[in-house]
Amino acid sequence: MSVGFIGAGQLAFALARGFTAAGVLAAHKITASSPDTDLPTVSRLRKMGVNFTVSNKDTVKSSDVLFLAVKPPIIPFILEEVGPDIEARHIVVSCAAGVTINSIEKKLCTFCPTPKVIRCMTNTPVIVREGATVYATGTHADVEDGKLLEQLMASVGFCTEVEEDLIDAVTGLSGSGPAYAFTALDALADGGVKMGLPRRLAVRLGAQALLGAAKMLLESEQHPGQLKDNVCSPGGATIHALHFLESGGFRSLLINAVEASCIRTRELQHLADQEKISPAAIKKTLLDKVKLESPSLSVASAGKVSLFTNKSKKN
Amino acid sequence: GKVPAGNILASAPSDKNLESWRELGCRTTHCNLEVVQRSTLVFLATKPHVLPGVLEEIRPAVGSHHIVVSLVAGVTIQTLQKLLPPWTKVLRLMPNLPCVVQAGAMVFSRGSSAGDEESALLRALLSSCGLCEEVPESYLDIHTGLSGSGVAYVYLFAEALAEGAVKMGMPGALAGRIAAQTLLGAAKMLLETGEHPAKLRGDVCTPGGTTIHALHQLEKGALRATVMNAVEAATNRAADMAKR
């Protein structure tokens, strides 16, 4: 099986790294493409032994499973560009936040009658094989296709199938989650430093504490509330600290964060559907390069790009 | 039904409160000494500033067969033992209001001369009023903050719940009864299932449903921290009052 990545940024790198480390895929079976060769991840991918090309079409041709690992506003351009090369055998996996299966299928159906589309939401810790991934299968993707993806993603962490309407919530929770954790860890380390620990040690200990706690929770039948209680001896240090967290509304901040990320994801999707993203939001070099490859791409009006135009390609 | 009313003798300087005792079938008197002379188990239930005088008064009649149980807030076992004959069996009890409806929460601790027998006797007697546990004396003030005063926090919460319902269109009396029953039911589930409250809370929260939306509001208002503050404040106050 060969895997291709349209896009050679953080996500492509994280997944490629994870798959090869897990041994489910040899590096030379992976192709990644991007018009931008200056990305730091490009050289890292090359070093890994991944086939790198500037041609998205080449990636499609040499892959069975095709990951769309570009930012959401770029997706429509990519689909226009590589659409003609998508065959029934391909499994197209979109990792783009907020981009619906329906929107992708609509675009691809103009080229291929039954495109296999799977929508997936993962997160960066796939790089250390502790990713959190969910996926939803599209109209023409079979159970086996879903299972194939699940096997791939399970090699780099936790993976489960969900209904598509939950994916935005997953984005808010585990998609963005690592960022919340990094923020917390930075702050915890600050606390350690304030109380006299050297920074490196503080970071190491903070990270290990969160890692350990997460592991305990995953391996335990107990409720996190119970696990918390188990740490809080009466009148002790921990309960004093927790009181501070509660006073600061720690819990509600986290709830707010997950909610905000989920809502923003939906907003972005809504914006995309309404074709409101301006070309200015897309890096100029990228846009130019993509337009060169796909002369059929239409610019509906000055300043606005029609993202999901119903214009079928003239062939 | 643990003790026949006729075996209970209560004293007070005036008749103001004694009438309600007599209605229960208890005997009453104005003489504290009489209570001590005619009883084995003596409860001290005066206001704190009155107690030293009362102890001085009854001290001559207190013997080694007596069990003296103080309900007086803020008066330590050490103080009680100082004001009573040495070797007096002294215990200190903190109840809470719902003892009245036999759903109380009580804790007690024993003085140096009170033994397992006295402890067992007290627990057996008081379990008729609700939960009764022996604890180290340092927990008594905490109990005040948690449960003695805690009852008031619950009344406040019940009132607020009902008010929310009234705002949404329910008549107040009905809202009040439902609020109370909700608290009762939730408490009963906690006590009977022995599950962690966080787990029971999670069980009620369907994804994206009404409960989780409401809980988010409570968390935004830092309810947890506020409640912790309340327990802390009451406990500290109890400790302060004891020092005076």
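Placement of Cβ uses the backbone N, Cα and C atoms for every residue, glycine included.
TrEMBL lists A:Ile6, A:Gly7, A:Ala8, A:Gly9, A:Gln10, A:Leu11, A:Ser34, A:Ala69, A:Val70, A:Lys71, A:Pro72, A:Cys95, A:Ala96, A:Ala97 with the feature NADP(+) binding site. Annotation source TrEMBL lists NADPH binding site at A:Asn56. Under the heading domain 'Pyrroline-5-carboxylate reductase catalytic N-terminal', TrEMBL lists A:3-98. Among the features that TrEMBL reports, domain 'Pyrroline-5-carboxylate reductase dimerisation' is placed at A:164-268. Residues annotated as signal peptide in TrEMBL: A:1-26.
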Which of A:Gln10, A:Ser34, A:Asn56, the listed binding-site residues, has fewest other Cβ atoms within 10 Å:
A:Gln10
Which residues of the same chain, at least 6 past either end of the signal peptide (A:1-26), have a Cβ under 8 Å from a Cβ in it?
32-34, 36, 39, 41-42, 44-45, 48-50, 52, 56, 59-60, 62-70, 74, 78, 82, 95, 122, 124-129, 131, 148, 151-152, 155-157
Which of these binding-site residues is closest to the residue listed as 'NADPH binding site' if you go by CA atoms: A:Ile6, A:Gln10, A:Val70, A:Ala96?
A:Ile6
Summarise the domain 'Pyrroline-5-carboxylate reductase dimerisation' (A:164-268) by DSSP state, stating how many residues are helix, strand and coil.
89 helix, 0 strand, 16 coil
Neighbour-count leader, CB within 10 A, binding-site residues: A:Ile6, A:Ala8, A:Val70, A:Ala96:
A:Ala8
Kindly assign A:Ala96 (NADP(+) binding site) to one of the three DSSP-derived states: helix, strand or coil.
coil
Going along the chain, which residues six or more apart from A:Pro72 (NADP(+) binding site) have their CB under 8 A from its CB?
A:Ala96, A:Ala97, A:Gly98, A:Val99, A:Leu268, A:Gln269, A:Ala272
Grab the NADP(+) binding residues from the record (A:Ile6, A:Gly7, A:Ala8, A:Gly9, A:Gln10, A:Leu11, A:Ser34, A:Ala69, A:Val70, A:Lys71, A:Pro72, A:Cys95, A:Ala96, A:Ala97) and give me their largest CA-CA distance in Å.
19
